[in-house]
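Q: Have a look at this one.
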């Protein structure tokens, strides 16, 4: 059996950088406004994984009203959510992430993001795709007011599990 989930996240720029996207620190003059570390890619991916298993969303599992998640490392949140997936007998088939930002440019960091995500999901790097695009200067991302991200996850039932 397979399951598919979709996730979306957005954060506005504010304060000072660097920013963390896909688990990778990216030098930038602005930071991201967030309760946790503001990693839109890992937040969208976490939502996609949780959605695929009908486990709600990142806000349900890690509420922003809970002080323990203030400034939280999104890699830790992703690993915790993924453990819930493994506990239900599923594993990653593949994930596909689209980062939407006018700036900063993501291309130099994409391979590192793929490596980090593959490590956290205990899968091969070939099962992780990360890409970036702009909105051609349209909307809030086009005006460099923030970053958005979408993610899709395909989960596969592990063999030998019920």
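Just so it is clear, glycine is given a Cβ too, placed from its N, Cα and C backbone atoms.
Annotations per Swiss-Prot:
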type	residues	note
BINDING	9, 11, 43	divalent metal cation binding site
BINDING	9-11, 35-36, 57-59, 62-66, 133-136, 140, 143	4-CDP-2-C-methyl-D-erythritol 2-phosphate binding site
SITE	35	site 'Transition state stabilizer'
SITE	134	site 'Transition state stabilizer'
Q: Other than 9, 11, 43 themselves, what residues in this chain have Cβ atoms within 8 Å of the centroid of the divalent metal cation site's Cβ atoms?
A: 10, 32, 34, 38, 39, 40, 41, 44, 147, 148, 149
Q: Sequence gap of 6 or more, C-beta under 8 Å: which same-chain residues meet both conditions with respect to residue 9 (divalent metal cation binding site)?
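A: The list for residue 9 (divalent metal cation binding site) reads 40, 41, 43, 44, 47, 58, 148, 149, given in order along the sequence.
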Q: If one measures from the C-alpha of residue 63 (4-CDP-2-C-methyl-D-erythritol 2-phosphate binding site) to the C-alpha of residue 11 (divalent metal cation binding site), what distance in angstrom results, rounded to a whole number?
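A: Distance between the two Cα atoms comes out at 16 Å.
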Q: Out of 35, 58, 66, 143, give me whichever of these binding-site residues has the highest number of other Cβ atoms within 10 Å.
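A: Top count of Cβ atoms within 10 Å goes to 58.
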Q: I need the least crowded one of these binding-site residues (11, 43), counting other C-beta atoms within 10 angstroms of each C-beta.
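A: Minimum Cβ neighbour count within 10 Å, taken over the binding-site residues 11, 43, occurs at 11.
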Q: For a quick check of packing: other C-beta atoms within 10 Å of the C-beta of residue 63 (4-CDP-2-C-methyl-D-erythritol 2-phosphate binding site), how many?
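A: I get 11 for this one.
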Q: According to DSSP, folded down to helix, strand and coil, what is residue 66 (4-CDP-2-C-methyl-D-erythritol 2-phosphate binding site)?
A: coil
Q: What whole-number Å value do you get for the CA-CA distance of residue 66 (4-CDP-2-C-methyl-D-erythritol 2-phosphate binding site) and residue 134 (site 'Transition state stabilizer')?
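A: Between the alpha carbons of residue 66 (4-CDP-2-C-methyl-D-erythritol 2-phosphate binding site) and residue 134 (site 'Transition state stabilizer') there are 33 Å.
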Q: How many other Cβ atoms are found within 10 Å of the Cβ atom of residue 134 (site 'Transition state stabilizer'), counting all protein chains shown?
A: 16
